[in-house]
Structure formats: C-alpha cells, structure tokens
C-alpha cells in the first residue's frame, strides 16, 4: 500500500469549498483502492497575507517541495486590491520556486450533453478536443520591468519578454510527449508572432529544430497567435491536438478557449516540473476559474477542481485506473443532471461532490 502526500492550498473565497470536494472524492477512492492519501493544509494568496503578511509563506513552499503534488483552490479578490503585496504574487512565486514550467489546460466536453451550454453553436464546437501547453515560468510575466512611478518623468512604464533556446526546447518536449500519448500521435500547433517579434522567431526556429531532430514522426504546424484566436471562435476543432505557446500568449488563448465548453467550472489544469514519463511528475493542480468572491456559499461548481484531481492521479500519482474512473464518474453525474447553476442546474457544491464521490467509488468497486 502506497501513501501519496498532497499539499492542499485552498487560497481565497471559494478555494476552500472546491478543495473540500476534491478531498472528499480522493477519500472515496481510498476506500476501494490500494493507494492512500495524506493531506497537508497550508496558506497561499490573500489568506496568507491576512495571516502572515506575505502571499506565499516559507512553510507553504517547503511543504509543497516535500509532497508528491499540490492541490490549489483559487487566489485573489477585491479585498486585497492591486497594492504592493497581492495574492497573485503567491501563485507566480510558487510556480517559479517549484519550476512548474509547463501548464496543461485541456479544452473538451466531458459529456456531449454539455454542448448546448457553449456560447458557440453546437455544430461548431462538437468534437473540440485540444490541450494548451503553455510555458509558465518565462516570458514577459517574469521579465524585467519598470513601473510608471519608477520612471524619471513618471510618464512611462515597460515590461520585457525574453526566451532562451533551453526554455523553448523543454516546453516543446512536453508538447511532444503529450502528443505521443495517443495512437496515432496528435498533431502539434505552435502559436507565436514570428512576423513581428524576435523572440517568436527564436521560438519557431527552436520548435522546428527539436521536432525535426527528436520527434520526426510528429507533425507540427506554426500559426500566428492572432490567426489562432480567430480559428478558435470560427472552428475550434481545427486546432485539435496539442497547442504549444509562450506564457502570455498561452494565458490569453487558454482563457479564450475556456469559454467554449460553456463554463469555467468545467476546466482543469496542471502545472508540471518535468515530463510525466513515469506518471510521477511533480505538479500543481488547480481549476481554471478564479476565487469568485461574489458567489454565495455552496454554489460554486467543483467539477474543474475534481477533474484537476483526475489529472493529478494520472500525471503525478501514477494512479491511471483511478484517474479514468474519476473522469467517467464526472461524466455520469453531469449526464444525470446533477449540476450547479452555471450549468443550468440546481445542485449545490456539496451535492455534486457527493454524487461524484459515490460514482467513482462504485466504478472502482465494480472494476475489482
């Protein structure tokens, strides 16, 4: 019997509720699986600022480093504003300190019964299935910058974006690895702005070199980021496969993609520090949605967090059977109409969590 250690950092507002449901599901899996989970709870974001004065306490970071994976709820809220110390700084710092260089965001439909919820026509989005692989610890978000008040005349501000061949190489290898998990391998789309930006030209050249020398069996196509943004609205399935792009472009394009399934409450994400080639890469898992400070208690959709746990089971905890069962359980629950208000349902957060926990326990028990 193996024990997997998970550092839980709920963060702010709905973060605690969604993490509670994720833990509920993992405890249900424990009942019918040889794997056991140990949970270590720590602070991040606004909750950490209130308690310690900093958005990422040292003890949180050390706990994360000594665990098999990290489960994050959500950070931020108007209470903490945009001052010098902000909740989001904790998220950026933990990504950097843990070297979580690859962010994976799937965009698909857990169930075809959700197609009608998309803001796009069902016939346009049906069959959409891609994963955005976003470089997460480089680029403009981590480049040198100058605030307006720091300039000599108080009339300018700037940020810099920089990528090295090494940084582009490792994110390309991650995209290739994800593509090779399928038979036949998935196509790869590399998004850049090579017609304007020098770093995009380095990006494109490096991607081509890595793909041609290390993964000649894979198909890679380059697409300008603005063109890809249009395709995503007009015909999203055209980008099916694996999308690889830089930090800022990935942030924007994955947020655009997040509205396709109809609710941010459906979309999981993983941030990895290495290739999951042994299904045991260290990673941080979180829903794509924010902290929803205006949402009443017990109303948030926990599905994105629960599906993030499924990714954790597959990529970090080497629990492939449990991951598949959990994804199947989520589909069954949604098909049964047990949904929160964002999916035109009337169920509460806890009711959805209870239903998924019961479903995954039953699926695993029947599979013994």
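Keep in mind that glycine also has a Cβ here, set from the backbone N, Cα and C atoms.
The Cβ of residue 299 (NAD(+) binding site) lies under 8 Å from the Cβ of 340, 341, 348, 349, each of these being in the same chain and 6 or more residues away along the sequence. What Swiss-Prot records for 77-88, 290-301 is NAD(+) binding site, and it gives similarity to another entry as the kind of evidence.
In the three-state DSSP scheme, residue 134 (substrate binding site) is classed as strand. Sequence annotations record features per position, and here Swiss-Prot assigns substrate binding site to 95, 105, 134, 226 based on similarity to another entry.
Every protein chain considered, the tally of other Cβ atoms within 10 Å of the Cβ of residue 141 (site 'Important for catalysis') stands at 17. Taken from Swiss-Prot, the feature site 'Important for catalysis' applies to 141 (among others).
The number of other Cβ atoms within 10 Å of the Cβ belonging to residue 193 (site 'Important for catalysis'), over all protein chains shown, comes to 17. Taken from Swiss-Prot, the feature site 'Important for catalysis' covers 193 (among others), and the record attributes it to similarity to another entry.
In this structure, residue 255 (Mg(2+) binding site) is part of a helix by DSSP. The annotation Mg(2+) binding site is assigned in Swiss-Prot to 226, 251, 255.
Taking the binding-site residues 77, 83, 290, 293, 296 in turn, the residue surrounded by the fewest other Cβ atoms inside 10 Å of its Cβ turns out to be 83. Across the structure, residue 226 (substrate binding site) and residue 83 (NAD(+) binding site) place their CA atoms 32 angstrom apart.
Here the CA atom of residue 141 (site 'Important for catalysis') lies 12 Å from the CA atom of residue 95 (substrate binding site). The recorded positions recorded for this entry are 134, 141, 193, 251, 255, and the Cα of 255 lies nearest to that of residue 290 (NAD(+) binding site). Each residue contributes its Cα atom, and for residue 105 (substrate binding site) and residue 255 (Mg(2+) binding site) those atoms are 10 Å apart.
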